[in-house]
Every structure is written in structure tokens, then in C-alpha cells.
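Straight out of TrEMBL:
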- R125, 148-151, 214-216, Q220, 267-270, R450, 461-462: substrate binding site (BINDING)
- E144, N146, E368: Mg(2+) binding site (BINDING)
- E144, K305, 364-373, Y375, 398-401, E425, K452, D458: ATP binding site (BINDING)
- 204-302: domain 'Glutathione synthase substrate-binding' (DOMAIN)
Amino acid sequence: MAAPWEDVLRNKAAVEEAARVAVDAALLQGVLMRTEGEPNASDVVNYAPFTLLPSAVPSALFQQAYAVQQDFNLLVDAISQNKEFLERTLASTIKVDDFTARLFRIYMQVLEEGLAQSVFLGINRSDYMFDCGVDGTPSLKQIEINTIAASFGGLTSRTAAVHGQVLKVLGRSEEASRLLPNNPSKGLALGIAKAWELYGSQSAVVMFLVEEVQRNIFDQRCVENELWNRNIRVIRKRFRDVFEKGSLDDAKRLYMDGQEVAVVYYREGYVPKNYDQQNWEARLLLERSRAVKCPDIATQLAGTKKVQQELSQPGTLERLLPGRTEAVARMRATFAGLYSLDVGEEGDKIAAMAIADPDRFVLKPQREGGGNNLYDEELRQVLEKIKDSPERTSYILMDKIKPQPAMNYLLRAHSPLQVSECISELGIFGVYVRQGKEMVMNKAAGHLLRTKAIEHADGGVAAGVAVLDTPYLV
Ligand code: ADP
Ligand code: MG
């Protein structure tokens, strides 16, 4: 399933010229990021890292990933409404993982008060790798579903144009014309706009809740601009601003600086370091409000690694989506082996199995954002250390997916041009809107391909490991 331009990679002069064109094209198209040195100013910006060439993706697996996205939207939404499931699934985790426990406490408090929110908006991204089976046939295997702050829907809308130009420069116009158009930011904005409309107040705004450090602002601006184009006002605020200036009225309408907020779109709040005591209070205020949260706290919990592991247990999908046999089969076909490390005989066996054969597995804590998982020797050492303690239950174990590597150049500012052996991860964006019990929108909104050198076991684009890419279907 190699791309038809492996030969090009050996032509040093052609590669150097193509790389110069590629970088300028990326800047012109707006594949941008702020710099590490000045993450909160746009005076000096750089191109976001990307591959020189598009990477080959098996067409059938690409279509399979799109075809299952609406099922995953339904599933995430069903989990978010199932208190009994979330309570039971996260019971062992919240005993040992303080972050999940704090989220869970807010979830319970909001439920006890009674939900003020009646419109629900989900924006998620289901990520996959192409596992190379024993006979070499690739299969689609899910890495995880991101239910909060799934990024790069904006910048990825612009990479196909860059890669198209690179292919033309390399004399591959035919292949360039076959790159697929892709615009997740538009689909995301359509979902936000629908939620805003159903909230039903013309003068209310959409609030992007953003981090203190905003290097990836251009990715977010792509979605913002789509909303402005529809005459929907967007404001950007941090938890700190909400703590200082946010308030609820008697009907739990959310106000910021006197402006009513219809939709809160979180690009923040997914890792412990996003929170201090004030930020937790701000989060609680937002969750108690009538505003549409994307995601609400229940949907964030639906995206935890522990929930993912529970979904792989026999019968779980069927119980969550009764009567949807085909959807269940489509989703299950993408699952890799996932194992609970809960205290007990079964967990003991799993831990022993991983310690004996660490190369077969990935050990995952309840964290997002890349760089948290453990592999190989480190996996073995950590598991040895915690195998007899309850701390073990804050992790899940997953089969390691092993894709077939391909050669490519990863273009990064201030880095030498050098060929790497790479693997890719495909993400499909899902968007849905529910009003009360009725699903009013359920879509796949586009894709994201990220590629990294094989020496990095973990990490995404924001973590500085993976780079943006464009699929070339083969
Ligand atoms: P995070 O929430 O931190 O993004 P992920 O589950 O997506 O956590 O894992 C981070 C990265 O680790 C992935 O992007 C992928 O490169 C790698 N990874 C995760 N799970 C596996 C797996 N089962 N097999 C191989 N690589 C994996
Ligand atoms: Mg991930």
C-alpha cells in the first residue's frame, strides 16, 4: 500500500526544491501555528509541521472509518445519558484517579440539581491506525475517541492544497488531482450553529473556552470564522475570565460581561494542568448553566480510557444501543484488544501477561493530549511496581497496533530536512446535535491524517511528535 512516489524520495535535489515550495504554500494556505517563544502573540508565526508528501491510506479502510462515525456519535451520546453505566464503569477509576473523580463529582452535582441544558452538541474525533496483521493485510483499529477539544479540524482543511502543489512540482499532477477535498471546520461550525439556533436567542454568543497558552489559535480561528460568516458572534475566554466575570441568572442562563452565552465550545479543560481551584469553580458554573456545552461533563466522561475499555467487553455495546445490531458490529470491528486492570484475579492475570510480553501492549492512564502512555520496558517497570496496589486501576491495557511504516519527510521549522520511517493515524470528526430526546443532526464532518516517525511511540501534533498529513487513497 505504498504511495506511488517512493522513488521521488531518493532524488535529493527534487526533494529540497519541493520542500521550499511546500513551506511557502503552507504559509500561504494558513497552515499556521504560533511559536513556542511567543505562544500568545501573532506577530511572528510559523507553519504547523506537516509531511512533505501525502501518505498512502487504504481506500477501503478510509471508507470504513467514515461509515462507522455516525454509529460512534450515537454511542457517545447514549453513554452520556446513561448514569448507571458511567457510575458503574468509573467506580474503580475514581477511587484512585483524582482528575476523573473531580469531573465525576461535578457530573453528579449537576444531575442532582437537575439539568438546565436541553440542547446537546457533540464534536468528537475517532482516531485509528492501520494494523498490519500477520498476513500483511491492514485493518482499521481504533486508538481512541476524543470527546473534548478534538483539534486540527481547521488546519487540516488546508493541507490538501499544499500537498497538491507539491505533487505538481514533482511532476505528479494526475495524483494531485486525486487528493480529496476536506473541510472539518465547516462541519464543526454547522454543528455549533445548529446548537446556537436551537438555544433560541438571536443576541446570544458562542464562547470558545481557550487555554492560557494559545499556540494553536489558527486552527480555532478557522471554526470561528465559519461562525462569523453565519453572523454568529464568537467570544474567546479562559476559565479565569469565567471565574471573574461569569454569572447565572434565575433561569440559569449564562452571562459573560453582560452577554448571554448560547454555546460553550471547550478547547480547554481536558487535562489536570488546566485546572486550579478557581478553574474548577468556573467549570462547575458552566456545567450548571443552560448554555449548550460542547461537550457537557457527561460526554467528557464518556471519552475516558476506562469507558473505552468497558465498551470492548462482550454485551456492553448491545446494552447501550439496544436493537442496533449492525451499528454494533461496525463499531466492534474496529476495536483492538482492551483489558481491565481492576483489582482481582482477572486483573492479576492481565498484569502478569503484560509484564511477560510488554512489546504487545500499551499501558494507558486516564489522560488526554499525548505523551502519557507507557510502552515496552517502561510499561514493564511501572506495572511491576503497581501490580499489587489499587493504583493499577487508574490504567487500562491495550493491544499495541503495529502499522506498516512508509518513508516520508517531516517538515518542521528550524529542523533539518531528513527522511524518516513513518506511521500515520487517521481521525474522523463527528458532529451531532440532540434536542431533548431527538437527534437533529448526526454527521461525519471530515478527516485528519497525522504522521510521525516510528521512533516516537506516543504523542500528537500539539505535543510536537506528529505532523499534519493528507491521505492519498490507494
Ligand atoms: P491521548 O489521549 O494522549 O491522545 P491516545 O490513546 O490517543 O492518547 O494515545 C496517544 C498516542 O499513542 C496515539 O496517537 C498513538 O500514536 C499512540 N497509541 C495509542 N494507543 C496505541 C496502540 N494501541 N497501539 C499503538 N500506538 C498507540
Ligand atoms: Mg489521542
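Cβ from N, Cα, C; glycine included.
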When DSSP states are grouped into helix, strand and coil, how many residues of the domain 'Glutathione synthase substrate-binding' (204-302) land in each?
41 helix, 26 strand, 32 coil
What's the CA-CA gap between G371 (ATP binding site) and R125 (substrate binding site) in angstrom, rounded?
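Each residue's Cα considered, G371 (ATP binding site) and R125 (substrate binding site) end up 18 Å apart.
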Round to the nearest Å and give the CA-to-CA distance linking Y270 (substrate binding site) with E368 (Mg(2+) binding site).
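Approximately 7 Å lies between the Cα of Y270 (substrate binding site) and that of E368 (Mg(2+) binding site).
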Report, in whole Å, the straight Cα-to-Cα distance of E144 (Mg(2+) binding site) from E268 (substrate binding site).
18
Averaged over the whole of the domain 'Glutathione synthase substrate-binding' (204-302), what is the pLDDT?
98
Whole-number Å only: compute the distance from the Cα of E144 (Mg(2+) binding site) to the Cα of V461 (substrate binding site).
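It is 16 Å, counting Cα to Cα.
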Where does P365 (ATP binding site) sit by DSSP, helix, strand or coil?
strand
Please list the binding-site residues from S151, Q220, K400, V461 whose Cβ falls under 6 Å of any atom in ligand 1.
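Only K400 meet the Cβ criterion.
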